[in-house]
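The structure appears right after this line, and notes come after that.
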Amino acid sequence: MPDLLEVKNVTRKFGGVVANKGVSFSFESGKVIGLIGPNGAGKSTLFNMVSAIFPPTEGEIWFAGKRIDRLPAFKVSPLGIARTFQNLQVFKRMTVLENVMVGLHTSTSSGILSAAFKLPKAKKEEETIYQQAWEEIEFVGLEDVAAVEAGSLPLGKLRLLELARALATKPQLLLLDEIAAGLNHQETAEMSDLIFKVRDRGVSIFVVEHDMDLVMRVSDRIIVLDQGEKIAEGTPNEVQNDPRVIEAYLGNDEEKEEATV
Amino acid sequence: MKRKGIQQMSWKGIAAFTVLILILPFLLSTSLMITKATFAGIYTIVAVGLGLLMGFAGQISLGQAAFYGVGAYSTAILTATFGLSPWLSLLIAIAAPALIAYILGHTMARLHGYYLAMATLAFGIVIHVLLVEWKGFTKGASGFYGIPKIEFFGFTFTQGISYYYLVWAFALLVIVLSLNIIHSRIGRALRSIHDSEVASSSMGVDTGRYKMQVFIISAMFAGIAGWLFAHMSYSISPGSFGLDGSILFLTMVVLGGSTSVWGAVFGALLITAISSFVQALGSKISFITSDFEHVLYGLILMLVVIFLPQGLFPAIAAKLKPLLEYAGRKKKAGNITAVKGDQRA
Ligand SMILES: Nc1ncnc2c1ncn2[C@@H]1O[C@H](COP(=O)(O)OP(=O)(O)OP(=O)(O)O)[C@@H](O)[C@H]1O
Ligand SMILES: [Mg+2]
């Protein structure tokens, strides 16, 4: 049985900036894996490569036995990878429900002509999309705003919406890029409960998070990046006591504050 | 089935519009006005396709009149020169523009940035030159004569009321098909690309593919319009299918608003009305020529882009919405599911 995700010696450069440098790790399915590191450590860059938004400059990424680092982004969703975005990427001018329905795009297949002529297949699929989207809306608890245009929602609801939309693609691996950023205490607590609920559905989760309480609570294992390089990997306990990790965080005053919240 | 939380096609809107179309000929006093109203239908077909392309695929075509011309000339030549039935040549008038759009779109791999605008501009110029120069087939600049009429079980559609209804039957079909597309998984995929291309591709939406499909559909609609135009008149000439025409279609869509099908319809109707009005004035006042018309369209285009970038229809719909909602609430008190988030429809 191959690992679910395998990142092999991945480097990513943006001009002169080396955002990821020789990063390697792998994990099996059924786990919650945390990815932490100070601002600019290269966490989002790594997520962007795993979700095929852009390719690595060097190295390979394998998912469930398939090499994915050269695929166009739209091809990784059907393989079973879904994500949320640190800088929210909701479809603002669509309703909450419609946003989630886009997540069901690849589980249906009727084309533009069968849509135009409302062929039976298109109608049946539309019904399925609608039902399943509602299930995800209920899962994250957005029923009361389902008919509201997404652009008018507050941040907390938008984070839930991104989660529901990603879940609608029925992923094997879910990438959460700072899903709790900007949430208040209670919302953060609810989010970590939701993460457990998602894991109980059998979805493996890869989570980038600055909220240390949250990430230590939900993760089975944690990978630490600093200035593009992997500096540590282990259980939450091991990582917290790793001198290199402590130094990476203490070396950056801003991060120190955030890390001790 | 009534569903909460998604935009659905408003059959009421279509029914109301159909009634308007049905009774309009009885309100128009002259045969010239009926002809204009028929043209409005033909233009609506082109504009709705271009509206899908601009509003939902985020692409601009400067060659829509050329697709319209390909449709018109292919049916003219096939029916008049080769004696094909107009109903058979309709298929070619749709397929030929579709094929050209496929090739144009395909050579660009993915429709990105301004490539499509440039490619269609060049394509439009090529087609215009071909229509003028390929005299063996097209009879050149003086025009192609002798296009037969469309018949249906012995009934001949001639310019006038019968042709008006024929054209608008096609226009309504095109409107309904377009609304169906918009309210489908493809329509949602297209709308999502507009808000965040990166998120929609992460949801598995093949953005390039759908932009391409919409481009092909827009070319097919233009082909249908060309077919209707050719069989309405006895003759056609290259002048109707140049850059002027493409810009006219663009103006219709920009003026009406490209984010909804009805915007394009509204734009086509409004521009046809303005054009008829200006031409009527022109027959009385000497300085109002066809050049004047073009200046006027340019001005409209500029003003709309500056002051109403969404177009007129969404602006008007937004104004009317509270009124309609108020009326709706009075009618069925307590039912709040009618509130929708968006004026796209
Ligand atoms: N598209 C890009 N173009 C140029 N530079 C980039 C791009 N994306 C990221 N970078 C740079 O790469 C480095 C890593 O950024 P990245 O966003 O991956 O960090 P991060 O760990 O997610 O940080 P944060 O905690 O602030 O979200 C930064 O120096 C950033 O400026
Ligand atoms: Mg980041």
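All residue numbers here begin at 1 and follow the chain in the order shown.
From the backbone N, Cα and C atoms, a Cβ is placed for every residue, glycine too.
Record features (TrEMBL):
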- B:12-34: transmembrane segment (TRANSMEM)
- B:40-58: transmembrane segment (TRANSMEM)
- B:65-82: transmembrane segment (TRANSMEM)
- B:88-105: transmembrane segment (TRANSMEM)
- B:112-131: transmembrane segment (TRANSMEM)
- B:163-182: transmembrane segment (TRANSMEM)
- B:214-234: transmembrane segment (TRANSMEM)
- B:246-274: transmembrane segment (TRANSMEM)
- B:295-317: transmembrane segment (TRANSMEM)
Which bits of the chain, at least 6 residues beyond where the transmembrane segment (B:246-274) starts or stops, bring a Cβ under 8 A of a Cβ in it?
13, 17, 36-37, 39-40, 43-44, 46-48, 50-52, 54-56, 60-66, 68, 120-121, 124, 175, 178-179, 182, 296-297, 300-301, 304-305, 310-315, 317, 343-345
Is the transmembrane segment (B:65-82) in contact with the transmembrane segment (B:112-131), using at least 3 Cβ pairs under 8 Å (sequence separation of 6 or more) as the test?
yes
Same chain only, please: residues at least 6 beyond the ends of the transmembrane segment (B:163-182) with a C-beta under 8 Å from a C-beta of the stretch. Say none if there are none.
7, 9, 14, 17-18, 21, 25, 34, 37-38, 41-42, 44-45, 48-49, 51-52, 56, 150, 157, 190-191, 217, 221, 224, 228, 232, 261, 265, 344-345
